[in-house]
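Chemist: Below are the structure tokens for one structure; questions will follow.
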Amino acid sequence: MGSAGNHNSVDLAWSQCSREEFLAFVSTGQTNCLNDLPDMDGSIPGWKPGLYYGADEQCKIAFGSVATACTFADSNVDICEVLSCHIQPGDKSSCTRLLVPLLDGTECGINKWCSKGQCSSLEELNPMAVVHGQWSVWSPFSSCSRSCGGGVMTRQRFCNNPRPAFGGQECRGASIQVEMCNTQACLMTQQDFMAEQCAATNLKPLYLTVEAPSFYTWTSAVGFAKGDMLCKHMCRAVESEFMVSREDSFIDGTRCEQDDSEHHGAFNLCVMGSCRAFGCDGQMDSKKIMDSCKVCGGDNTTCTRVSGSYTEGKAKVYVTFLTLPYNTTLAHVINRRPLFTHLAVKVKGEYVVAGKGKISLNVTYPSVLEDSQIKYKVFLTKDNLPSLEEVHVDGPTQEEIEIQLCCSAESRCSMLCVQGQWRWCSLRVMVVFFLAEIEGWLPTGFPQAWGMVVWGKAY
């Protein structure tokens, strides 16, 4: 065999010299080292070795674990004639060659495979049996990507055992499995976690022109980007209000906002630079959802539906008409008269919606990335006048949340309802929420003197 692995017309063939030397060695009686039993059971399939070891794997065997197949080829040399590899991580400008042909069966183009040092189409090859792709075994799960706040563990398998060839089918099923881990809450919010990753690039220059580097203060681009685009480490320049991708991707497990309604899950997380939906069971793409009681896959039997209305108010004063009990879920408050009244929300004594004597703009607190949110939305008429207000509180609530109402004038707070008839009054704020069933629980905290009427269980 040639010491430099020189190519010959019949790949992996023995030279006459090598044959003679090997036979001489066998005849010496010193071949006991060849008598060990193989570690693998069973027979080796008759498929070509390149179907198991692609060009990247062959480079790793030849040059080490960081080597990859060359991304460009010499037009004067068949791509299958010599093994060409990038041997330095990140350097794609040069290739190192080993004068051996790529293994037969190595894919060298679209519907092309290496055979005896030449890249050949299916028509050029001798009649070949179709090889359908089969999966490798699953890799072990990675460590959790985050210490809190809901990171992910991933494992992969590859369609290379063997690779599909000669008209064969690709492997069916998922190539990656992802599970959530370390879901306990962090001290910082999900948006702060994203903003922290953006801020970590403040000292990395941005070259708007070739000559001069520019430096900016970076924060999250939530509200400006969604979906996969957001997960590509998209950040916003605080001073200049533009956004750009600062790195390849955010840390796996960073929360994201989906860009369409079809892919929403119980959680939305960045995974390998894509915004992926997770079920409430922590499995990617499982589509498992919480019931109204916030029980994963539940049937709504572990909580009570409470509904009611508030039909009074005070002029130019914020009146707390509902303090949500601990563990409240899916609270929904509707005000159908926002032209003369408006809603406000306080969390732990601080206003997060309105509170300054005028109607609020749309807001999500703490942010659209959080697992539990308070969403406020105002709907406008074609004349841009407020026609409806809604407050949604996901829950389960773990802190004091007050829902308030403010009237613009005393006359706007009067009642014009017809007794005994189900119809909207001139002022009626509708409330619906769910509460975990607790033995002996009574609906305290509803100010009946202010006109709060509550429906639910018989108490």
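Placement of Cβ uses the backbone N, Cα and C atoms for every residue, glycine included.
Computed from a predicted structure; not experimentally measured.
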Chemist: Based on the record in TrEMBL, give the one of Cys33, Cys59, Cys95 in a disulfide bond with Cys70.
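Modeler: Looking through Cys33, Cys59, Cys95, the record in TrEMBL gives Cys95 as the partner of Cys70.
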Chemist: If you pull up TrEMBL, which of Cys59, Cys114, Cys119 shows a disulphide to Cys85?
Modeler: Cys59
Chemist: Among Cys159, Cys181, which cysteine does TrEMBL link to Cys171 through a disulfide?
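Modeler: If we follow TrEMBL, the cysteine bonded to Cys171 turns out to be Cys159.
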Chemist: If you check TrEMBL, which of Cys144, Cys148, Cys186, Cys198 bonds to Cys181 via a disulphide?
Modeler: Cys144
Chemist: Along the domain 'ADAMTS/ADAMTS-like cysteine-rich' (189-303), what average pLDDT does this model show?
Modeler: 93
Chemist: Work out, from DSSP, the number of helix, strand and coil residues along the domain 'ADAMTS/ADAMTS-like cysteine-rich' (189-303).
Modeler: 18 helix, 30 strand, 67 coil
Chemist: Determine, to the nearest whole angstrom, how far the Cα atom of Cys70 (disulfide bond) is from the Cα atom of Cys148 (disulfide bond).
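Modeler: Per the Cα atoms, Cys70 (disulfide bond) and Cys148 (disulfide bond) stand 40 Å apart.
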Chemist: So if I measure Cβ to Cβ from Cys119 (disulfide bond) and keep only same-chain residues at least 6 apart in sequence, which ones fall under 8 Å?
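Modeler: Correct list: Asp78, Ile79, Cys80, Cys108, Gly109, Lys112, Trp113.
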Chemist: Among Cys59, Cys85, Cys181, these being the disulfide-bonded residues, pick the one whose CA is nearest to that of Cys159 (disulfide bond).
Modeler: Cys59
Chemist: Could you list the residues of the same chain, at least six apart in sequence, whose Cβ is under 8 A from the Cβ of Cys186 (disulfide bond)?
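Modeler: When sequence neighbours closer than 6 are ignored, Cys186 (disulfide bond) has Cys148, Gly149, Phe193 within Cβ distance under 8 Å.
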